[in-house]
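A.B. asks: Quick one: this structure, given as C-alpha cells, is what I'll be asking you about.
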Ligand code: C5P
C-alpha cells in the first residue's frame with residue numbers, strides 16, 4: 001500500500017507512478033435504489049467504499065481520485081481524507097475528465113468503475129504490470145459465453161455474431177498517463193469506456209484476462225449476487 005499521507009497540494013508536480021480514478025457520479029437508475037449507485041449499501045458499506053478499499057489493497061496505486069455527485073463531495077472527502085474528491089459530470093466521460101484534471105502527474109492512470117465494487121486487488125496489479133511493460137492501453141476482458149444475436153427494433157433477429165473473438169470488457173482499465181491526457185484533450189465524442197476513446201484515436205488496446213468478481217453491479221439482481229458473495233467471503 002503506497003497511500004502515505006493525504007496529498008497536501010493538488011498542483012504538486014511530484015511524479016507518482018500510478019494514479020487511480022474512480023468515476024462514482026452515476027445516477028444508477030437501473031438499480032432502482034433511489035440514490036446514486038456508488039452509494040448504495042452493499043453488506044454494510046457503500047459500493048464506493050468497497051471499490052476504494054480494493055484499489056488501496058492492491059498496493060500498486062500511489063494516489064486516488066474520486067468523482068462523485070456534487071452534493072456528496074464534502075461527505076465523501078471526510079469519509080476518505082487520504083484521497084482527492086471532485087464533482088463528477090453529466091456523462092461518465094465528464095466524470096473521468098474531472099478526475100483526470102485533479103490527478104497528480106503520474107506514469108500510469110487506472111480508471112475503475114465504482115460499480116465494479118468486488119474487483120480483486122490482484123487485477124489492478126495485473127493491469128499496471130501490463131502498462132508498465134509497454135502497452136499504452138490495457139483492459140481486462142472475459143470471453144463471452146452467451147450466443148449473441150443482433151436484432152432489429154421490432155425484435156426480429158438479423159444475425160448471429162461469432163462470439164469467439166468477443167470479450168466482455170471490465171475495469172480497471174490502465175493507460176500510459178500522457179497518452180490518456182492527450183486523448184481526453186482531443187476527444188470530441190462520448191464513449192462508454194476509456195479504452196473506446198483511445199482506440200478511436202488509433203491507440204492499440206491490449207486485453208488481459210479479466211476476473212468474474214470484477215462484474216459491474218447494475219441491476220437489483222447484481223446487487224443480490226454481490227451481497228451474497230461478500231457474506232460468503234466474510235464467513236469463509
Ligand atoms: O452507468 P454505468 O454503470 O455505466 O456507470 C459506470 C461507472 O461510471 C459508475 O461507477 C458510475 O458511478 C460512473 N459514472 C460517473 N458519472 C456519470 C455516469 C456514470 O461517474 N455521469
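Glycine too: its Cβ is placed from the backbone N, Cα and C atoms.
TrEMBL lists 30, 37 with the feature site 'Transition state stabilizer'. The site 'Positions MEP for the nucleophilic attack' feature in TrEMBL is assigned to 163, 216.
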A.B. asks: By a simple count, how many Cβ atoms lie within 10 Å of the Cβ of residue 163 (site 'Positions MEP for the nucleophilic attack'), its own Cβ left out?
C.D. replies: 13
A.B. asks: In the structure shown, which of the recorded sites 37, 216 has the fewest Cβ neighbours within 10 Å?
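C.D. replies: Among the recorded sites 37, 216, the sparsest Cβ neighbourhood within 10 Å belongs to 216.
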A.B. asks: In whole Å, how far is residue 37 (site 'Transition state stabilizer') from residue 216 (site 'Positions MEP for the nucleophilic attack') when you measure between their Cα atoms?
C.D. replies: 11
A.B. asks: Which whole-number value in Å describes the distance between the Cα atoms of residue 37 (site 'Transition state stabilizer') and residue 163 (site 'Positions MEP for the nucleophilic attack')?
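C.D. replies: Between the Cα atoms of residue 37 (site 'Transition state stabilizer') and residue 163 (site 'Positions MEP for the nucleophilic attack'), the distance comes to 30 Å.
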